[in-house]
Amino acid sequence: MQRYKANYIWQFGGDDGTSLSGLLVSFRVQVEFYVNENTFKERLKLFFIKSQRSSLRIRLFNFSLKLLTCLLYVIRVLLDDPKVLEPMCKCHGVIWSLWSASETDSWPMSQVTVALISFLETMLLTYLSYKGNVWEQIFQMSFILEMINTVPFITTIFWPPLRNIFIPVFLNCWLAKSALENMINDLNRAIQRTHSAMFNQVLILICTLLCLVFTGACGIQHLERAGKNLSLFNSLYFCIVTFSTVGYGDVTPRIWPSQLLVVILICVALVVLPLQFEELVYLWMERQKLGGNYSRHRAQTEKHVVLCVSSIKTDLLMDFLNEFYAHPRLQDYYVVILCPTEMDIQVRRVLQIPLWSQRVIYLQGSALKDQDLMRAKMDNAEACFILSSRNEGDRTAADHQTILRAWAVKDFAPNCPLYVQILKPENKFHVKFADHVVCEEEFKYAMLALNCVCPATSTLVTLLMHTSRGQEGQQSPEQWQRMYGRCSGNEVYHVRLTDSKFFGEYDGKSFTYASFHAHKKYGVCLIGARRDDNKSILLNPGPRHIMAGSDTCFYMNITKEENSAFIFKEEEKHKLKGMAAGSRLPVHSIIASIGTVAMDVQSTEPRDSGNKLAVPTENGSGSRRPSIASVLETAGSAGVLPCDILSDQAEDEMPQSDEEAVSTSECVKGYPPNSPYIGSSPTLCHLLPQRAPFCCLRLDKGCRHNSFEDAKAYGFKNKLIIVSAETAGNGLYNFIVPLRAYYRPRKELKPIVLLLDYPPDSHFLEAICCFPMVYFMTGAIDNLDNLLQCGIIYADNLVVVDKESTMSAEEDYMADAKTIVNVQTMFRLFPSLSIITELTHPSNMKFMQFQAKDCYSLALSKLEKEERDKGSNLAFMFRLPFAAGRVFSISMLDTLLYQSFVKDYIIPIERLLLGLDTTPGSGFLCAMKVTEEDLWIRTYGRLFQKMCSSSAEIPIGIYRTESHVFSTSEVRYTRVLETVERRSRAAGDQSQTPLLGKRSVQRVQRVVSKSGGPGDRSEEQRSTVYRCSERQELFELVRSRMEHLGLPTLGYGDVASLTANDVTNRLNLGYFDHQNTVSYVLINPPPDTRLELNDIVYLIRPDPLACVSEDQQRITDPPAHVEKLIFFKSSEFHFGK
């Protein structure tokens, strides 16, 4: 009972405002307020009913009391003497007395005492629960049973003749059942824990069965005393056999009262038990939907992780499971999926597979509810992965849901590591407390941007993130697939320097020296290091970084060092000594086995000068100079220094044309004065001396500052990069920054045109107006006029970003339909254009640049199915658009978050590679093309040594484009197509109205008749004529639209028509993707891999600012407040010229 006290001041005065005595009289009065009525009944009700703990004790006492009465009855029956009861059976037929054969009065007195206590308790509880209707209390079944079992006993105290009346005490079992149910409810209230409804229903069903069996056994045993005189055990046996529907018939009731009791019990069972079973089945089905609970005992003895998603699909589930369980040390982990939606049929089928059924547990629930987090045992989990729903129409709302889930998990389990996936970069700072965060739009746009300067960067990063053993495609008959699949097994690993066999001997040596000799000796690629006292990872810190024993080394290899066996062959040493100068290097054989890689390590003993790689002299004879200089152990004053800044300065001093001077020489280096969102890493970039007016950023409209209305009028020297997006989101900022980073040569900066469906807002324009040659226009890629106005015929790359409005569709995999068809149209209109496309679903990449009846595509589809059946995580890797870096799916980034559970360094390394983060002293990713002058190096191993010794750059892979062998019909068609286009171009130069339709078809027919044999002209000629005619008509369509828009058509024929010369030019650029070529990525290929012409080598170049003096370094350091959303004067951040 709670009581509150309050003090009030009462004042008395007259009606006229004056006091009675002329003075104001005041005094204090203490008033007590009670929450409940201060009556004896209310206090009893509080103790017996309302109070959780005292009510629990009362119900426990009541339950024990009922069980005691049943036990006394059983003992009384077992102690009865059949010889004494036999004369009475003959006289009365049925024994109605329970007391008659007793030798002592101890048992009757005990039952009378128990009955008296039960009667008093029942009457008290009835009085306390009375609510005005006495008949409702009287006719309750529990009250009637209490009266039957207690009143006769109490009456016998005053009237002894009633002691011969039989009292069915065994009916107290039903009262015990009711008391048990109430006790369970009070127990849940008292301990603040809720047992599942399934547990309560099972308990009720068991109690009902026991009560039926116990009532039947006791009743039949008593009634059969006048008949066969069955024992209590035989009666129990008969009831169990009857209720189980077995019915042996060896024990049966013989008299009609017992038979009538059996009929009544069976009728009751037929009514009660089906209802109980129906409720139990319903709860079981609901529990199957909810997933039950994760066992606390299992949580304490086994390790598990929790996956929180708003909705889960089969692709997402399989990507997570395949990547998570690809690591050997995670095989014993359990995965608990916490999802608010009901499990669909496809996911249920996957989880029923024996491989996953014992390791994956699905729970339907919300991460915002503590009860559901408790079901998932979040406080005992090793990690919690929170994924956003990228298929939602409103991605901002999806991020808000993710943020709330992260906050809820952090509040419930503060010590549980969090791995969070965010869609929008502006929402990232809300979850900065998480251990690892992956922002999709940041990674996506940075990856697409690097694809424009480093071909197939998206493929390179995707292959590095996926777990693979390098066994994909090894059974393929084609060499490129075997090499591509083998090199895809390279991943990033880490090892402490003192514990490493690869790098342990380079303690106290420079980083470049260690990378040079480790690759030369073991074939591993050392890409970065981290000091023990510093959390920052440095990619290729250069020769000035001296390795220490406590450093952590990051390297690329087919497997980690712990799974490698080193085999030194003595015969290799003899072979090395006898090798001539022009012979090939010994092959580094990497033999993959189960969990172990054996390496044949070549000798690193000093060789004589005759074995060194040399460049021929000009006259082809005479003395030879060494081609690869040695790398110093420590960098001194004469050490190898990167020359990017020097070359940039020299570049500025070179004479330029007037147009180039306007676009590049006015650029200065500095930090962008405004960031569109909080949390972006400041990057030193090429900037304009003054921010451009917003009107000058519009490409297709002139203003008072300039009158240019199309890309041709600007007179750009470099090819354009066009980005097609729906809206100007903050993620586009990360597309621009890597392309305007300070380490990009000014003369190589390409204009960027943003083709947006909706106009950008002022905040986005404020963020990009400081970058040179960045423009926007409103339009769509399905509008040919918009494409021509933004300068697509002068573009080198077109990046098509997946639109938010098309990410969700009624049929999931149809979300990419519009994007695929639009890209296919542009591919036909502008075949020489390099188109980089983002898709929602990776499985749809097979439709990119689709061609019907393509035998090679069908063969690749068959190979993909075979790799998927083998359990490969990269079954789609052999699709030509993906291998060439032409297509990318954001869902491929999911594995980056999954791998961070085992490799906590993988996210920082990827951010440094993509330019999202800039750490002082850390290198950056760039590319270099192999020309004819570089082929004297011959192999990738020698190229690695050459780059380390000359410029301290670390090669990490090759992007290779090679010719593909077609069938005879395909080769003939290609030759016919080139001949026809060559002639059509010549005709187009002579006349402004080129031939269409019938004339172009006739011209194709003449060419085909000269090139084909007599036996295979019919079908092939029709197909060739149709394709060439279609190509010519598309060419004329584009040309007519350009004339209608007033755009110059001069030079369009060179862009739209594809000939042998165009093929060569595109190959030199490394962007060509046509039927007769195959492009693919080789990550850390074997050192004996032969270099080919036009190979593009991925390099990690050291930071140019690492060699700048301390005074200059202070100038280049970003201001501490540069990340804030506040505008500053650009002069505060710019370098002087």
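Note: Cβ is positioned from N, Cα and C throughout, glycine not excepted.
Curation does not apply to TrEMBL; its annotations are automatic.
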Under TrEMBL, the annotation transmembrane segment belongs to which of these stretches: 169-188, 229-248, 429-448?
229-248
TrEMBL annotation (transmembrane segment) - matching range among 109-130, 769-790:
109-130
Under DSSP, the domain 'RCK N-terminal' (302-438) has how many residues in helix, strand and coil?
59 helix, 28 strand, 50 coil
Please average pLDDT over the domain 'RCK N-terminal' (718-858) for the predicted structure.
85
Cβ under 8 Å, sequence separation of at least 6 from the ends of the transmembrane segment (109-130): give me the contacting residues as numbers and ranges.
41, 44-45, 48-49, 58, 62, 65-66, 68-69, 72, 76, 137, 143, 146, 149-151, 153-154, 156-157, 169
Take the transmembrane segment (260-277) and find every residue of the same chain, 6 or more past its ends, with a Cβ under 8 Å from one of its Cβ atoms.
201, 204-205, 208-209, 212, 215-216, 219-220, 223, 239, 242-243, 253
